Ligand code: DMJ
């Protein structure tokens, strides 16, 4: 044994030849110095034969050559990785800019499930069936730079530039501004109801905005809608600013309630279309000039769906509390309408005086009117925590649920505010005065999380009633249409208003209701389209009569002179939007595009605005009426824009429910 570590390095020969590794480690005297190891190796090398040394040298040389080769290829790989990561960095720098330039204003997309579908490779191998189907994870979305190549027109380029300028501004802006679409949103603002809410809150829009997917590029048809909106808005701004409706030919305005109806109805459309400047300007008017403390009679239904609905949805989209404050104000001022013996509200309210009354000639209210204000008042309760709004409107629905006088779920058109009973029994229609009763049965059920069974029961029964009493087929094309029933007599008359029905049926089917509702929706939307296609201007009249018997030279659709006007109504486009969202069938977009072009052809006023027309049968003189209804901006153009979009998250129908004036309100328990 050696003398121990303390005695200095042992003699090289002895140690290298006789010491085993166990002993060295075991005694703890192993000297592992570099010098020692070097000397030991050299000794071993010397002890080898010449042949052994040659073999080892050859091996070393061989390994060295391999090393050089693999270094070169690793180098290439490394270089490409480095380049890629630089590219990525560049792309990432570019994408946020464009992301900001096209922010999704709308609800946050649903989080993708943590499954294989989240990964591009797998998803790309199995593309979704429908081209427009639910968007995949953000890394599969069309990347922002590609958007630039799609923006071909001058208009596009201008917008892209505008957007980039906006981005720069936004980037420089203080943190407190968290949305670029017009509204300056303080971080603490949100669309959440206060803590004493009576329903569960949805996610605040401002928070959702952070969780957005890549935006889907705006396409040519959508750009055409934006252009149409701007043209309409120009007319309103130039000649009717702050007034209810534009009269585009006489370059003036008409007043209904004196509350800037068109401006309020159009707010959320501007938001959805991304018209920032217009929105900001309109917001200023709401902040400074919209005053409800006015001695003026307003119609409860119309002001609820257009003003209250418009303010609530704009609040939800923008997160700007100004709109909620205004909504509360008008909501409170409308409440006197419910002070009736039956609690069925009066049709008219003086919002300054706090008094309400029925129309002068009757104590009846219209059934559609008293049963189509619920979505808005219920949402107002949820947001304010004040139950009174919801209580008042729920009571109406409960009461109507129990009433006699229905015919297999179909309701008469009038209800008495004293007795609470239906009047004018025996007449059933899905058109004027009854239409949105059916629409709101379904929509309230969806809004409330599909729990209120009475609403669903009434809806299902009513659709059975429609099938049993109101459906017929026309000649020669055998179009299925919804007629009317008057004291047992069927009339082949159908209002354009009825064309909300295919969309509503499709929405019900999407929410799990009978599949045959979807079949019926498909049949009826074809009919609604034919109400345009069979007419000389390609625009539908207000009312059509269908031929029940084939006659030589006659189409399915007949139009009476008194019914041949077109008010720029939305119902068919609305239903086309639902049908396209739920089926992905492009024919619905194409039909909508035809209608859009015909609006441009026959109703566009060169100096700004669009006008209702008197005669859809005369292309050479459609007889402009000199009025642009507020719903043209609130509904028709909004549904056009949404119809042409392939972005299912642009107002996601599992998160939002549209009121009857196309103002999206949140579903309380999103699917
Ligand atoms: C709108 O005010 C609403 O859509 C309402 O439900 C029916 N009438 C107009 C549009 O046609």
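Every residue, even glycine, has its Cβ placed from backbone N, Cα and C.
Annotations in TrEMBL come from automatic prediction, not curation.
Annotation comment: TrEMBL describes 54-74 as transmembrane segment. Residues or ranges marked as region 'Disordered' by TrEMBL: 109-151, 186-214. Taken from TrEMBL, the feature compositional bias 'Basic and acidic residues' covers 199-214. The feature disulfide bond is assigned by TrEMBL to 499-528. What TrEMBL lists as Ca(2+) binding site is 660.
Taking a C-beta cut-off of under 8 angstroms and a sequence separation of 6 or more, residue 660 (Ca(2+) binding site) has the following same-chain neighbours: 305, 372, 436, 439, 440, 500. In the shown protein chains, 29 other C-beta atoms lie within 10 A of the C-beta of residue 499 (disulfide bond).
Taking Cβ-Cβ distances under 8 Å and a sequence gap of 6 or more within the same chain, the neighbours of residue 528 (disulfide bond) are 496, 499, 502, 540, 571, 572, 575. According to its DSSP assignment, residue 528 (disulfide bond) is helical. In three-state terms derived from DSSP, residue 499 (disulfide bond) belongs to a helical segment.
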